Structure formats: structure tokens, C-alpha cells
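**Q** Reproduced below are the annotations present in TrEMBL:
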DOMAIN    34-414  domain 'Amino acid transporter transmembrane'
TRANSMEM  37-56  transmembrane segment
TRANSMEM  63-84  transmembrane segment
TRANSMEM  113-135  transmembrane segment
TRANSMEM  156-175  transmembrane segment
TRANSMEM  181-202  transmembrane segment
TRANSMEM  269-290  transmembrane segment
TRANSMEM  310-332  transmembrane segment
TRANSMEM  353-373  transmembrane segment
């Protein structure tokens with residue numbers, strides 16, 4: 001087994017042309033494979049602990065204490081398990097790495113069906129997150145401005161703050177790959193832990209409201225039903241880091257003796273500990289303090305102390321800058337792959353500058369046009385975040401096992417035919433038939 005794997009990793013087995021190798025060395029996902037395990041840790045923290053953590057107290061107000069706690073814990077366990085599956089499946093075929101989510105889908109479901117199952121959902125998640133973070137970054141900048149000015153400055157429209165936030169990404173989007181944005185991602189991961197701590201710490205300091213009410217936010221049955229599913233969508237959005245896991249693992253070096261899954265899983269464990277430290281205190285303490293009067297962003301509910309809320313909002317801005325880049329990188333990879341491999345454009349700085357600038361401008365335009373885009377998170381959570389996070393990975397695993405069983409059955413069948421046709425006197429055929437009858 002080890003010898004076979006070593007042969008598969010050998011450069012002699014690489015059947016790509018020189019042009020294909022050059023393109024793969026240029027594309028953002030496969031251009032750099034020297035990441036360490038801690039890169040995996042803070043990339044995953046940045047991807048998962050997004051601004052969605054600030055809406056978890058609101059989700060609790062739609063679910064109530066019992067269902068809310070159950071959904072948070074079960075989601076943490078399930079998503080950790082499905083993430084482990086993805087890490088294991090990255091190199092489940094000896095000598096081959098599934099560097100992109102859709103490559104795993106194509107292996108499990110077939111070349112065409114795999115693309116149709118994975119790519120639309122992955123694009124909805126990644127582009128949707130980028131648009132939401134464009135809005136979130138603009139709103140947090142505006143909140144920071146308003147808190148600092150204390151209503152003494154001229155009111156500035158949200159549109160301009162979104163444009164200010166987008167201007168940062170016009171520059172950062174030109175960084176070539178995941179490893180080149182590791183510093184941005186590390187800063188974002190630290191910020192996520194920091195503003196989460198501020199959110200629950202300020203809630204403890206403020207204490208429980210005198211008239212706190214823990215009844216469900218909605219009063220009618222339809223309202224409770226829609227609120228319940230909307231809350232599930234918010235939780236799914238909060239755990240939506242799986243769409244970039246394979247792309248993150250692709251940056252880690254791998255050999256038959258030291259596969260990439262070991263350092264990747266080490267980083268994932270650290271990331272999920274941070275996720276628990278962020279999610280559970282914010283959700284539970286925020287709901288404990290404000291009940292069903294909590295806003296969809298707990299920092300809005302917390303108005304004092306002003307300097308601390310201003311600081312937390314600036315931390316959110318820094319964090320979503322990093323998160324935007326993490327989710328945009330696989331989209332850049334898809335766009336550049338199509339432009340270079342399908343449409344024949346020459347790879348280079350000009351192509352990267354134009355394509356990435358157009359994408360950032362597109363997400364900025366949608367964010368400005370639909371500043372309520374974050375309100376659609378419940379829909380997107382149910383449509384794309386939940387499948388790609390909770391069960392599509394398991395379907396990949398099942399499909400792969402079924403495929404392996406089918407190949408094994410076909411090999412046994414061919415072996416049966418081989419022995420049957422090779423028997424001149426029928427003795428081998430009779431032996432095989434007898435053995436099969438005895439086994440049944």
C-alpha cells in the first residue's frame with residue numbers, strides 16, 4: 001500500500017502537460033502548498049466565526065431555551081463530524097488530492113452531476129457571504145462613526161460606508177492565494193474572539209433586564225413556525241465554514257508518510273474550541289440578559305459603554321475583511337479557471353486584476369442595492385448553508401462507498417467469469433457455484 005501510494009505521488013505519474021502545470025501553479029488554490037497547521041486553525045476560525053455569531057441571541061429568542069441550546073450543541077457536534085469527513089476525503093484516493101469542493105463532488109457523483117450538485121450551492125454560499133459581509137462591514141463602520149460622533153456629526157448614508165469597506169477589498173483581492181492572506185486571516189480570527197468576548201462580557205456587565213421575557217418572540221402559530229425555521233437558518237449560517245475546508249487543506253503540504261489531514265485536523269480541533277468559546281457564551285448570555293427583546297445584532301442592543309461598543313464594531317469590520325477574502329478566494333479560483341482553461345485567456349496579472357476587481361465591484365453593487373440582504377440569511381441558510389454544512393458531505397461519503405462497493409462487485413464478477421471460462425472440464429465452474437451456494 002505504501003509503495004503504491006509513493007508511486008502515485010511520484011512526478012513520473014503526473015500526466016499533466018507543461019501548460020496545465022503552469023496554470024495550476026498560477027491558480028490561487030494550488031499555487032502554494034507550504035501552510036502550517038496553525039494556518040488551518042485561524043483560516044477556519046475566520047471562515048466560521050463570522051458576524052453570524054452576533055445574531056445567535058436573536059436565534060435563541062425564536063427558539064427558546066430548550067430547543068435553542070439543543071440546536072447549538074447538536075449543530076456543533078454534527079458540523080465537527082462532517083468537517084472531519086471532508087478532511088479525511090481530501091486524500092481518500094492514493095496519490096490524488098481533492099483540492100476543491102466540486103472535485104470531491106465529481107468523484108462521488110460523476111463529472112457532470114457532481115458539478116451541478118456542488119457548484120451552485122457553493123457559489124450561493126460564498127457569493128452570498130461576501131455580499132452579506134459587504135453590508136455588515138458598511139453597517140459596522142457606520143455604527144462606529146455614529147457612536148464616536150454621538151449625533152454631533154453630519155449623517156452619512158450607509159452606501160458610502162459600504163463603498164469605503166469595498167475599497168479595502170479592491171486592494172486585498174489582488175493577493176494571489178490563501179497563504180498570502182494569512183496575516184489578514186490571523187488578525188480576523190483574533191478580532192472574532194475579541195468582539196465575541198466583548199458581546200457576552202458587556203451583557204454580563206449590563207445584567208438581566210428587569211422585565212426580561214423568555215417567551216418566544218412571535219405570538220401567532222405561523223409566526224412561531226417561520227421564526228423557528230429562520231432561527232435554524234441563522235444557526236446554519238453561523239456554522240457555514242465547510243465550503244472552504246478543502247481549499248484550505250489544499251495549501252498544506254502532503255506526502256504518503258505525512259498526509260495533510262494530520263495538520264489540518266489539528267487546526268480544525270483548535271478552531272472548533274474557539275468556535276465553542278465564541279458561540280455558546282454569546283448566544284446564552286445574550287439571551288439571558290435581554291430575552292426576546294434582543295436585536296438581530298446584539299451589539300445594537302448594547303449601547304453602553306460607548307467606547308467599548310465602538311471598539312467592538314471596529315473589530316467586526318476587521319474580521320469581516322478577513323472573512324470576505326477567505327470566502328472570495330475559491331470564487332476567484334473558479335473564475336480564473338474558467339477564463340484560462342475554458343476561454344483560453346493567458347494567465348497573468350492583468351487577468352487577475354480585471355476579474356477580481358469586477359467581482360468585488362459586483363458584490364459591492366448588490367450590497368448597496370439590497371442593504372437588507374442580511375435579512376435573507378434564513379432563506380440562504382436553509383437553501384445552501386445547511387446542505388453544504390450538515391449533510392452533503394455525508395452524501396459524498398456514502399456515494400464514494402457505494403462506488404467502491406460497485407467496483408468491488410464488478411471485480412468479483414469478472415473474476416467469476418475468468419475462472420468459469422478458464423475451466424475446460426467445468427470443475428472450477430462447479431467449485432465456484434458450490435461455494436456461492438454455500439455462502440448464501
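Keep in mind that glycine also has a Cβ here, set from the backbone N, Cα and C atoms.
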**Q** Using a Cβ cut-off of under 8 Å, list the residues of the same chain at least 6 residues beyond the transmembrane segment (156-175) that approach it.
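**A** That would be 134-135, 137-139, 141-142, 145, 181, 184, 317, 321, 324-325, 328, 332, 352-353, 356-357, 359-361, 363-364, 367-368, 371.
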**Q** If contact means at least 3 Cβ pairs within less than 8 Å, sequence distance 6 or more, would you call the transmembrane segment (269-290) and the transmembrane segment (353-373) in contact?
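**A** Between the transmembrane segment (353-373) and the transmembrane segment (269-290), which are separate recorded stretches, there is no contact, as judged by 3 or more close Cβ pairs.
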**Q** Which stretch, 37-56, 63-84, 181-202, 353-373, tops the Cβ pairs under 8 Å count with the transmembrane segment (310-332)?
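**A** Going through each listed stretch, the top one turns out to be 181-202.
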**Q** Which of 63-84, 181-202, 353-373 has the most Cβ pairs closer than 8 Å to the transmembrane segment (37-56)?
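**A** Result: 181-202.
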